[in-house]
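Q: Submitted below is the structure of interest, expressed as structure tokens.
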Amino acid sequence: VLLSRVVMSSSSSSALETQIFQYIDVHQSDFIEDLKEWVAVESDSVQPALRKEVMRMMALAADRLAALGAAVSLVNLGSHQLPDGQELPLPPVILGELGKEPQNPTVCFYGHVDVQPAKKEDGWKTDPYTLTEADGNLYGRGATDNKGPVLAWINAVGTFRALKLAMPVNFKFVIEGMEEAGSLGLEKLLEEDSQCFFSDVDYIVISDNLWLSTEKPALTYGSRGNACFFVEVECGGKDLHSGTFGGIIHEPMTDLIALLDSLVDPTGRIQVPGIYDSVAALTEEEKKLYESIEFDLEEHKNNSGVKEFLYGTKEEILLHLWRYPSLSIHGIEGAFHEPGIKTVIPAKVIGKFSIRQVPHMDLSVVKQQVVEHLEGVFSKRNSPNKLKVSMPLGAKPWLADVNDPLYKAARKAINTGMFLLFFFFPVLHVSAIFGEDPDFIRDGSTVPVARMFQTITQKSVIMLPIGAADAGEHSQNEKISRHNYIEGTKVFAAFFLEISKLHRRLHKTSNMETNN
């Protein structure tokens with residue numbers, strides 16, 4: 001009897017999933033056209049001149065949610081001041097809501113529709129704002145970060161609507177247009193709405209990162225933070241001729257290079273005293289988690305285009321990507337960088353670097369350690385120049401519980417259709433979406449919204465990526481494969497079903513325990 005019930009339940013579930021997946025397959029060309037329309041909008045939130053395009057993109061996304069039947073509001077966030085004093089309006093944040101069935105769990109999806117800057121002349125093989133399909137890949141700015149995943153989620157919801165199926169969950173949406181510029185205004189909005197819009201939310205899903213592999217899916221349960229620093233050295237009010245002043249003054253660029261050189265050694269170890277003091281010691285149990293993760297060093301090396309990594313084993317690479325802090329130097333403002341030679345001594349230069357910090361590292365302590373280190377190095381140079389160190393942006397790391405129902409549901413969604421019967425019966429298999437169990441990984445980059453949502457709303461948060469490791473987010477030739485875009489849509493649809501079933505089982509168990 002137990003077996004027949006399980007098989008009947010699995011067969012019914014399998015039939016429903018098959019119906020959903022077939023619809024997605026049949027309409028994949030429509031879904032790609034949707035992405036083409038969105039990629040065509042140059043919604044670069046970093047460049048002030050393109051703010052109107054970001055506004056247009058927000059309107060497009062809001063219209064798309066409204067077409068699903070969602071109640072949509074565009075929340076005005078006011079404006080922000082640029083370094084030159086100009087006031088620029090912030091794009092509104094979209095809050096959407098679809099479904100209020102009391103027996104259903106409520107899942108809130110966060111995404112963003114702004115993008116990083118992109119120009120053809122930067123090294124793109126195609127126009128970054130014209131979605132181009134080649135060799136099974138969809139190339140375009142925002143294809144994987146984050147317009148593709150946002151549309152995949154919307155299309156998954158739309159599939160239920162189109163097939164006139166009962167919604168397994170209630171949906172809420174938070175979609176912003178300033179993620180690439182620091183999510184200005186979002187934190188305040190979340191704090192103001194934490195007791196209202198989020199009061200009935202059970203789970204929060206973010207799909208704004210990548211797998212570790214090009215083929216094996218992953219679920220992300222942690223990310224590093226990021227502390228961005230400016231170190232400014234100034235000697236006077238104007239640039240000077242190197243033939244007239246070279247050799248007789250303390251040059252700001254020379255001071256700055258010495259300061260930057262003091263930050264990290266050739267092995268990649270940060271030289272700021274005390275920076276590793278708060279990093280938790282690695283246990284043997286934790287170390288074993290890294291052994292089962294699929295990670296191809298050569299593949300990762302080829303994707304990056306570099307010849308060698310600092311470390312030679314998979315475990316060392318992953319530990320230094322996820323679990324240990326790193327320091328990267330990004331550039332120098334004020335220095336001559338155009339082709340050719342300009343024999344000038346710049347009056348003021350600003351070095352820019354960041355530290356990716358890990359759990360237990362305190363941002364304020366990190367800032368203090370960096371400032372004291374740089375001031376100490378600078379004082380030993382006996383330079384009369386002015387030094388200023390600042391931290392204009394700081395984002396904390398994030399860590400989730402992999403045993404949370406969200407992760408169990410997502411894991412099963414990726415393996416949809418694969419079920420095992422361990423009751424002295426043969427093992428039964430049905431094809432899965434991506435065909436294998438996902439890796440549980442951390443992300444070496446920073447996704448501030450994950451911690452922001454978790455801290456402010458006190459809800460469970462999962463990062464459920466659909467982009468492969470070679471998707472090239474923030475880089476030239478950004479892409480999402482047609483396979484990942486369409487199969488990712490199926491994963492989201494399957495996830496709705498799985499989290500609904502798991503949520504109801506948990507509540508049933510909880511009610512029985514309460515009654516007992």
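The backbone N, Cα and C atoms fix where each Cβ goes, and this holds for glycine too.
As listed in TrEMBL for this protein:
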BINDING   HIS112, ASP145, ASP208  Mn(2+) 2 binding site
ACT_SITE  ASP114  active site
BINDING   ASP145, GLU180, HIS474  Mn(2+) 1 binding site
ACT_SITE  GLU179  active site, proton acceptor
DOMAIN    223-377  domain 'Peptidase M20 dimerisation'
SITE      HIS241  site 'Important for catalytic activity'
Q: What count of other C-beta atoms do you get within 10 angstroms of the C-beta of HIS112 (Mn(2+) 2 binding site), across all chains shown?
A: 29
Q: Round to the nearest Å and give the CA-to-CA distance linking ASP208 (Mn(2+) 2 binding site) with GLU180 (Mn(2+) 1 binding site).
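A: Approximately 11 Å lies between the Cα of ASP208 (Mn(2+) 2 binding site) and that of GLU180 (Mn(2+) 1 binding site).
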Q: Any idea what the Cα distance is from HIS112 (Mn(2+) 2 binding site) over to the residue listed as 'active site, proton acceptor', rounded to a whole Å?
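A: Checking the Cα atoms of HIS112 (Mn(2+) 2 binding site) and the residue listed as 'active site, proton acceptor' gives a distance of 6 Å.
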Q: Measure the Cβ-based neighbour count of ASP208 (Mn(2+) 2 binding site), defined as the other Cβ atoms within 10 Å of its Cβ.
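A: Other Cβ atoms found within 10 Å: 24.
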Q: Residues near the Mn(2+) 1 site, ASP145, GLU180, HIS474 excluded, by Cβ within 8 Å of the Cβ center?
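A: Result: VAL115, GLN116, GLY142, ASN146, GLU179, GLU473.
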Q: Note the mean pLDDT of the domain 'Peptidase M20 dimerisation' (223-377), expressed as a whole number.
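A: Value for the domain 'Peptidase M20 dimerisation' (223-377), mean pLDDT as a whole number: 93.
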Q: Compute the C-alpha separation of the residue listed as 'active site, proton acceptor' from HIS474 (Mn(2+) 1 binding site), stating it in Å without decimals.
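A: Between the alpha carbons of the residue listed as 'active site, proton acceptor' and HIS474 (Mn(2+) 1 binding site) there are 12 Å.
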Q: Return only the integer: C-alpha distance in Å from HIS241 (site 'Important for catalytic activity') to HIS474 (Mn(2+) 1 binding site).
A: 37
Q: Please identify, from the recorded positions ASP114, ASP145, GLU179, GLU180, the residue with the sparsest Cβ neighbourhood, meaning fewest other Cβ atoms within 10 angstroms.
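A: Counting other Cβ atoms within 10 Å of each of the recorded positions ASP114, ASP145, GLU179, GLU180, the minimum falls on GLU180.
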Q: Just the number: how many Å between the Cα atoms of HIS474 (Mn(2+) 1 binding site) and ASP145 (Mn(2+) 2 binding site)?
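A: Per the Cα atoms, HIS474 (Mn(2+) 1 binding site) and ASP145 (Mn(2+) 2 binding site) stand 8 Å apart.
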Q: Within a 10 Å radius around the Cβ, which one of these recorded positions has the most neighbouring Cβ atoms: HIS241, HIS474?
A: HIS474
